[in-house]
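Working notes, structure below.
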Amino acid sequence: MIYLLVLTLMLLVEMDPVIEATVQDRRRPGAVAPGNILIGGLFPIHDGVENIGNLSGPQNPTCIGFSPTGLTQSLAMIHTVEKVNSSPLLRHLGVTLGYYIHDTCSDVTAALRGMEDFIKRHSECSSTSRLIPQVLVSTIKIDFLTTAEDFLVQIYASTADILSDKSRFPAFSRTVPSDVHQTSAMVKLLLANQWNWVGVVSTDGDYGRSAMDSFVSQALEVGICVAFREILPDSITNKQRLHATISQTITTIHTHSKVKVVVSFAKPEHMSRLFRGLVRNQEDQHVWVASDNWSTYEEVLSHEDLYHIGWVVGFSFKFRDVTPFEEYLLSLHLNSERNNSFLKELYSSFRDSHNISEANVSAITDQLIRSTPPGVVFSIEMAVNAIAQAVAKLCSHRNSKVCTRKGDSYTFDENGDINLGYDITLWETAEGQLKTQNVVNITSRCSDSCEPGQFKKTTEGQHTCCYDCIDCAENQYTNYTDMDQCYTCDSNTEWADPGSSGCKLKTLEFFPWNDGFAVMLLSLAGIGVLVVGLVSFLFLWHRDSPVVKAAGGPLCQLILFSLVGSFMSAAFFVGKPTNAQCKVRQVLYGLSFTLCVSCILVKSLKILLAFHMKLLLQQVLRRLYKSYVVVCACVAVQGVICTCWLLLKSPHKTFTLYTKYILEECNEGSYVAFAVMLGYIALLALLCFIIAFQGRKLPEKYNEAKFITFGMLIYLIAWVIFIPIYISTDGKYLPAVEMVVILISNYGILSCHFLPKCYSIIFRKTYNTRDAFMKNIYEYSKKCTYTGIKYLKTLKDSLLMYINLCLNREHECLCFSL
């Protein structure tokens, strides 16, 4: 059988005024027992009243639908009263409790008539100083309690939160927790299972609406959305209206396909009809969160239908062992009918339908036991015991005696409430097997959970639980699920890819020594320095040879020295930059290469001096030609440029922020000064190129102009290409761009100016003599004829003139440069 542990309270039907006036007069109590203190009880012994339409006058409709559960509740009160009367608590005081119990018929009018009887009896008892406390077990209308509060002490098993307001209900106390605690527990259950898209079903009336409002407000506070709210009519007598509302509820559940969890505050009879409709329509399985109103009623759902419905998770009040009460039910006999018309009606219905003897009451007691909700029995026992304790205390003070108290002690708070907590139960099948294998995997969400790295974007007008998951933008992140917005990383030190769940620290980057490209460039620079050293040694060893003298003699060593400085400047472009390093690398290269180009310019001027067509100008240039003075002047100009650069706006270390890293690099300070420095070198190189280009047709074996032309052409092409690449490149490899151009320029000079001469010195020694040199000049001059080529005749005359100068050793260096 389905095992139920949860207490449920019956709701009353709110009738129209005309109908309320015609309800059957049921002023006489259905169960009575005399006593010094009378306790009034209102219980729903019947499920409703007969519905009569088009009333023209007072009618006497009867109550219909006998409720064994309501009878069981009244019997629980009777049993507790009898137990208290036999206990030492009141027996030693000579005080007994009596009771008057009325049937509310689950109807407000009938309940009011019962209340009217209590008030009259209270007035009658006032003259004899007897009190009539009241035990109310149905969730009757709030106005009903307001009417009664001026006359009676109310111990009430109602869960409506509003009843905790002592300013409105000063005489009210209850033995069950407020709905706020139950709905709070439900919300916690939904949160624990991540169910944030749920539906709510309740019956109309104070209990249903109050519980639903409490649940909805608490759910919204924690981000749980209510997809739909269906309110069923409180009365079951209007079957047409009830059927239409249940059909609408089934349609709503079917429409909201993503809602897999439904919270219900409805009555048992309503839930029974709703479940039957769902089974007929073969709806998907759901998790049903049952309130104390129906979670202990096994007749709501059959064993077989539970598999089709899904799962039922019920909330019930804490309770003690109710075995003594069940034994009391077993001990009932037909004589109990004398003061209890409810039992008489029950026995009569069994005699009519089952044709059994009066002695055979086992079937009746079995049904009563099955209809015993342990929680409500416990609540009624607490209510009666509370009255007994109050009576004992009052009597003991009057008689100056101490009452003997036994059993458990329960205390009402300042609002008249008791909160013993809740039990949560999962309905089981007839075979006793819990359906727990899949309930924890049920997903009831309007939208899937957004993963870390995403945020929820809700469309205007939609529930907050219905959203799209959008990846966080670059440099933004979310580190939890279902976040409403992305956090921003600290752009100075952190970064994040789109859709990241956290920020990453930016790495500090520069052109490191261990970078493969840096190792290659530094190796080329080192090889360049080594080659320059070997060439210098070779030129010093053969310093008196015609080839070395023709190459410039001492100027060659100065050029080689400047190349060493230029190669070494490349090393300052690698590694973690410092302010000193940033200043040294450009100045060292600028001065070194200016010295190199200046020496080449001097060699180019010798060609201009040797082959200028105007003899007078040649003589003037020859007097002004001072090679080292020219070199020093050119280098001095570059020195002034670099000094001004360093003093006014020098290069320095800086940090540049990029998306994923921080680049530590050199800022050139003034890019104008940087451009002027490079432009000055380019101007000298261009001047060398123009001058040397004029001597491109000199004898091939000793033609220095040709090599100067190619060397300067390589330099100019390299730096022209460098400019756009340098401007368009950023990152840690920017220094490598300038290193490449420096190495190209250095190797261009080294290859064009020195390597051919090294080849001649080492492998063509026969050409490296004075006789071979003079022979080559004379052979070249014989080729000059008067065949109309005026330029060749003039060149011949110039060569002959300067050969004589060479022979007289007046310009030996100039001579061998030819």
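Glycine too: its Cβ is placed from the backbone N, Cα and C atoms.
Keep in mind that what you see is a predicted model, and the values were worked out from it rather than measured.
Residues or ranges marked as signal peptide by TrEMBL: 1-21.
Among the features that TrEMBL reports, transmembrane segment is placed at 517-541 (among others).
What TrEMBL records for 517-777 is domain 'G-protein coupled receptors family 3 profile'.
Remote same-chain partners of the transmembrane segment (553-575), defined as residues 6 or more beyond its termini with a Cβ less than 8 Å from a stretch Cβ, comprise 510-513, 515, 518, 521-522, 525-526, 528-529, 532-533, 535-536, 539-540, 543, 581, 584-585, 588-589, 591-593, 595-596, 599-600, 602-603, 627, 631, 735-736, 738-739, 742-743, 745-746, 749-750, 753-754, 813. Taken from TrEMBL, the feature transmembrane segment applies to 553-575 (among others).
Nonlocal intrachain contacts for the transmembrane segment (587-608), taken as residues 6+ away from its ends with a CB within less than 8 angstroms of a stretch CB, comprise 552, 555, 558-559, 561-566, 568-570, 572, 621, 625, 627, 630-631, 634-635, 638-639, 641-642, 645-646, 677-678, 680-681, 684-685, 687-688, 691-692, 694-695, 698, 704-705, 708, 711-712, 715, 742, 745, 749, 753, 813-814, 817. Feature annotation from TrEMBL assigns transmembrane segment to 587-608 (among others).
A Cβ distance under 8 Å defines the sequence-distant neighbours of the transmembrane segment (628-648), meaning residues of its chain 6+ beyond its ends; these are 555, 558, 583, 586-587, 590-591, 594-595, 597-599, 601-602, 605, 669-670, 673-674, 676-677, 680-681, 684. According to TrEMBL, the feature transmembrane segment maps to 628-648 (among others).
Residues annotated as transmembrane segment in TrEMBL: 671-693 (among others).
Packing against the transmembrane segment (705-727) from elsewhere in the chain are residues 597, 600, 603-604, 607, 678, 682, 685-686, 688-689, 692-696, 698, 734, 737-738, 741, 744-745, 748-749, 751-753, 756: each is 6 or more residues past its ends and has a CB under 8 Å from a CB in it. The transmembrane segment annotation in TrEMBL covers 705-727 (among others).
Same-chain residues lying 6+ beyond the ends of the transmembrane segment (733-755) with a Cβ under 8 Å from its Cβ atoms: 511, 517-518, 521, 524-525, 528, 531-532, 535, 539, 551, 556, 559-560, 563, 566-567, 569-570, 573-574, 589, 593, 596, 600, 665-666, 707-708, 710-711, 714-715, 718-719, 721-722, 725-726. Residues or ranges marked as transmembrane segment in TrEMBL: 733-755 (among others).
Here the domain 'G-protein coupled receptors family 3 profile' (517-777) has a mean pLDDT of 84 out of 100.
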